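Swiss-Prot has this to say about the protein:
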- 49, 50, 51, 52, 106, 111, 112, 113, 117: substrate binding site (BINDING)
- 50: active site, nucleophile (ACT_SITE)
- 96: site 'Important for activity' (SITE)
- 186, 187, 188, 189, 190, 191: NADP(+) binding site (BINDING)
């Protein structure tokens, strides 16, 4: 089995392709179990965010077979995924996972949310019972590296995230947010960050819409906002100058018709909308309306690029930490190989012991002399344990394999 990281991200695939293979939280456990039951992977975890879908697994299968599984499971185009995917094996897979968890492979360099998403990916796989020793150890090494990157570099300073970029873009369109109302759809971590950034910029009013009023109230309370249900959005939409949405819905929440009605009530006063969700919460056709500025996560890239430079020096140090992490991972894997070898050796020797002891017990019950039995048992065990190594040594000697002979001496402490 070998560690594999296979997936697509914002660098390799458009939003249209990414949303086709995005997994909602409710889908993940079913997908994890389905993949393991397919026989393609012994251990598996799936990371699915707005910017990437990645499969991490211990597998003996070809990457192409897992790519076909992903396409079939999500009813996506295998040809599209073929052009957009990447596959990393072994040490390269570990390096990739470390870079992802540290924020070095994110749309926003150094963004902190990805580590939490990676930990959630690990937790879901653990709860689903599809993690084994190999993938567990890989994740632990990944988390240790990401923690070092956060604590030993400035990669997380000067907050830059999709949420920050969305608010920065809003400021470019509405220079003063103190007179504006923002409608936030969702109540997750990204929306919480958006709310915090908007509050820091002095937004006049915040409205939080969510599928459950309880979650909306929890966020609204923290930011002195108004909490509403998703069903109430049409009523409140005309009051919103800014709409930012990030939910896990599999279907759009805002259509062109609903926005047209809101614009009429606003007397066509412009609306700024950012759809951070994958799949999208806002129908793309909404962007065709003359008085709407609609942006997606891909549109935020330009804003984000301007803020990358301050983190690039820190990223160099982070890559050095990742190099060290990969070396430690290699040592972990070698140690794990030794553990498996010792386990197999012990099972083999215990099987021989059990067989010989059973023979001795049978002879004892038949009235054999105990002292003679002990001598016979010890002789048989010695011969059985010596047979395979002795045969291998004779063969190595006849073939001139001196290094194996020297290794044998070292292994058994023979001078």
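Even glycines carry a Cβ here, placed using N, Cα and C.
Swiss-Prot feature annotations superimposed on the structure.
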residue	record	Cβ neighbours (10 Å)
49	substrate binding site	25
50	active site, nucleophile	24
96	site 'Important for activity'	24
112	substrate binding site	18
117	substrate binding site	18
186	NADP(+) binding site	27
188	NADP(+) binding site	16
189	NADP(+) binding site	15
190	NADP(+) binding site	23
191	NADP(+) binding site	23
One finds that other Cβ atoms within 10 Å of the Cβ of residue 51 (substrate binding site) number exactly 23
If I take the alpha carbons of residue 191 (NADP(+) binding site) and the residue listed as 'active site, nucleophile', what is the distance between them in whole Å? 13
Given the recorded substrate site (49, 50, 51, 52, 106, 111, 112, 113, 117), which additional residues of the same chain have their Cβ within 8 Å of the Cβ centre, ordered by sequence? 103, 107, 108, 114, 162
What span in Å does the substrate site cover, taken as the longest CA to CA distance among 49, 50, 51, 52, 106, 111, 112, 113, 117? 15
Extra residues within 8 Å (Cβ to Cβ centroid of 186, 187, 188, 189, 190, 191), NADP(+): 184, 192, 193, 194, 219, 246, 247
Rounded Cα distance, in Å, between residue 106 (substrate binding site) and residue 50 (active site, nucleophile) is 11
Would you count the other C-beta atoms found within 10 angstroms of the C-beta of residue 106 (substrate binding site) for me? 24
Residue 117 (substrate binding site) -> DSSP, reduced to three states, gives helix
Between the C-alpha atoms of residue 112 (substrate binding site) and residue 50 (active site, nucleophile), the distance in angstrom, to the nearest integer, is 14
Near the Cβ of residue 187 (NADP(+) binding site), how many other Cβ atoms are there if near means within 10 Å? 24
